[in-house]
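Take a look at the structure below.
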Amino acid sequence: MGPGRRMKKQGPPQSLEQLNISVKRKASERSKPGGESNAKRRKADTSNGVPTMKPENSPKHTKASRPSKPTAKPMPLHETSEDDDADDADGDDYMVEQLADLDDGDIADDSASEQEGEDDDLEAANSRSDDSVFDSDLEEADPARFSEDDDESDAEEKLTAANMEGLSRKLDQKQALADAQAQEELEDAAMQTNIVAGADGDGDQATMQGLAPDLQLLRTRITDTLRVLGDFAKLADKSKSRAEYTSLLLSDICTYYGYTPYLAEKLLSLFNPLEAFAFFEANESPRPVVLRTNTLRTNRRTLAQALINRGVVLEPVGKWSKVGLQVFESAVPLGATPEYLAGHYIIQAASSFLPVMALAPQPNERILDMAAAPGGKTTHISALMRNTGTIFANDSNRQRAKGLIGNIHRLGCKNTIVSNLDAKEAFPKILGGFDRVLLDAPCSGTGVIGKDASVKTSKTERDFLALPHMQKQLLLAAIDSTDHASKSGGYIVYATCSVTVEENEGVVQYALRKRPNVRIVDTGLGTFGSEGFKKYMNKRFDDRMNMARRYFPHRENVDGFFVCKLKKIGPSPSGAQTVNGVADASRLTPNPDKLSNGTQETSPVTPIDDDFGGFDSEEDKIYIAHAERKRLKKKGVNPKMARDHRSAIMGKDRTRSA
């Protein structure tokens, strides 16, 4: 270092608090006596022969305290001022003292690389302004040092970098602790929600009370149970009976699919375990969307082409139907197309075609639809009759009858009469002598669970007692409303959207027992579907019950349905009602004795036993009186007072007449 160089010595930087304080001084203050602290240089204290800096509170130049003007031009190196001369004098004295304190051993210990670094730093310092300082203590350099060219943001970045490792380590520890806690919670939840019992385990409880089950484990157990029940002799655990495996399967199905135990057991008893599982699986997905072409307005080919032009992907529903179209994808809402509004088609389930196809209505007939809403079957009958004859469409629900009327008008049915009557009471007392009667009876809906999942939990044992009772009454009324002497008819079709035996074969068997003048005939639906049950558990049904047809979601990919066709071959019971005071033609019974010419004589006076219909008038009077008393009590009327009042009125009438 040459003696002519002007070198300013800079000490360690101040703390962050001091760096953040900005103090500006005027240039004139440096020449005042009070401003001598800006011209002084700190003296180094020596300890053990090594120079050290003075404490931090000693005055020094910093960016915050150094007097400078942003707009002042930099002073050339060869120009000096009086203040600079004073500073240079003090700086030279200070450097001389420092060099005198250094001995030869200390200088020899420095490496060549450090000397080169000092030379480079000195050159860089000389290229700057007179006020720039550089600390030569490179080994212990403080990371917060900065020159005059550095701004405050650079200092903050350097300080942040210095603390980055510590902050990063702290964040890593915090994240590791959070991950450990989350993993512990997951393991705890898994222990609580997993089903403890396995197919080969000791327990038989499906789920822990109040906790959600592990559906994947539950489905695996159902599969294992089905495999064991499929080959029970080889795969079953010798310590467990078949009933235990069946009970475990039933409990798992209730938990996995959401059925009540009563309904799940009833449906499981209809099939073998493997097929029952397929049935439950099929109920979890809806059936395909199907359209029925209204042949009163158009034909299926023309309708299909019009819908394809609108971006609908479809195909014929099957060989068994000539009017059905199955829709796979549609770019337009099917219930708002011009074709729909014009009545060219109606959205109707494929299984709803079957009862009308079994009924096979003929032109110019008189037909009764006892439960007609929302009108899909009624309009189908009208289309098959080509708007001839007469259709009586009845529904006991007034609100549903409104939708029935709307569909009848939209599809252009002109031979239909809509009524809102109770079918059990109105037919055949008010109307009778129909050629054909269709009864799509209200039911539990176990065949359409894919459409209405609430059936899984809403149906109870009471429903399966009350619904069959109502269905039996409706079927007897339908039989009595049919004219057995019809030249082209005399048929009754009974249908439900249920798969249970109590609502299907059980109801038909009851009707056969109460009305011996009917018998089961072929539905005419071919081999599509399954045969009706001739036996179920400990029950035995009519030998011709296999002519009825059953339809299941997992077999035919349609809604669960039951269709049975009956033929009326004899008159109604002796107590049957007449139509407008005239004996119904159905009361005429064929005489088994043939005439000599081979013809058959019709005799209206053939006696009919009172036990024919199973009615007991005397017994009915007791029930009627009991119902009347109950009705009066509901109204808040004392039955005895009402009876006395009626007796008094009758006595007065007799007196007046006398």
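Even glycines carry a Cβ here, placed using N, Cα and C.
For 1-157 (among others), the entry in TrEMBL reads region 'Disordered'.
The compositional bias 'Polar residues' feature in TrEMBL is assigned to 12-21 (among others).
Annotation comment: TrEMBL describes 81-123 (among others) as compositional bias 'Acidic residues'.
If you look up TrEMBL, you'll see 132-141 (among others) marked as compositional bias 'Acidic residues'.
If you look up TrEMBL, you'll see 279-569 marked as domain 'SAM-dependent MTase RsmB/NOP-type'.
What TrEMBL lists as S-adenosyl-L-methionine binding site is A371, A372, A373, P374, G375, G376, K377, D395, D422, D440. When Cβ atoms from all protein chains are considered, those within 10 Å of D422 (S-adenosyl-L-methionine binding site) total 11, not counting its own.
For C497, the entry in TrEMBL reads active site, nucleophile.
Per TrEMBL, region 'Disordered' is recorded for 584-613 (among others).
Residues annotated as compositional bias 'Polar residues' in TrEMBL: 594-605 (among others).
The feature region 'Disordered' is assigned by TrEMBL to 632-658 (among others).
What TrEMBL lists as compositional bias 'Basic and acidic residues' is 641-658.
C497 (active site, nucleophile) is 14 Å away from A373 (S-adenosyl-L-methionine binding site) when you measure Cα to Cα. Confidence over the domain 'SAM-dependent MTase RsmB/NOP-type' (279-569), given as mean pLDDT on the 0 to 100 scale, stands at 94. In sequence order, S352, P355, V356, D369, L438, D440 are the residues of the chain that are 6 or more apart from K377 (S-adenosyl-L-methionine binding site) and have a CB within less than 8 Å of its CB.
Cβ neighbour count for G375 (S-adenosyl-L-methionine binding site): 28 (other Cβ atoms within 10 Å of its Cβ, all protein chains included). The number of other CB atoms found within 10 A of the CB of A371 (S-adenosyl-L-methionine binding site), across every protein chain shown, is 19. All protein chains considered, the CB of C497 (active site, nucleophile) has 23 other CB atoms within 10 Å.
The record assigns A371, A372, A373, P374, G375, G376, K377, D395, D422, D440 to the S-adenosyl-L-methionine site; their largest pairwise CA distance measures 20 Å. Around A373 (S-adenosyl-L-methionine binding site), taking its Cβ as the centre, 25 other Cβ atoms fall within 10 Å, counting all chains.
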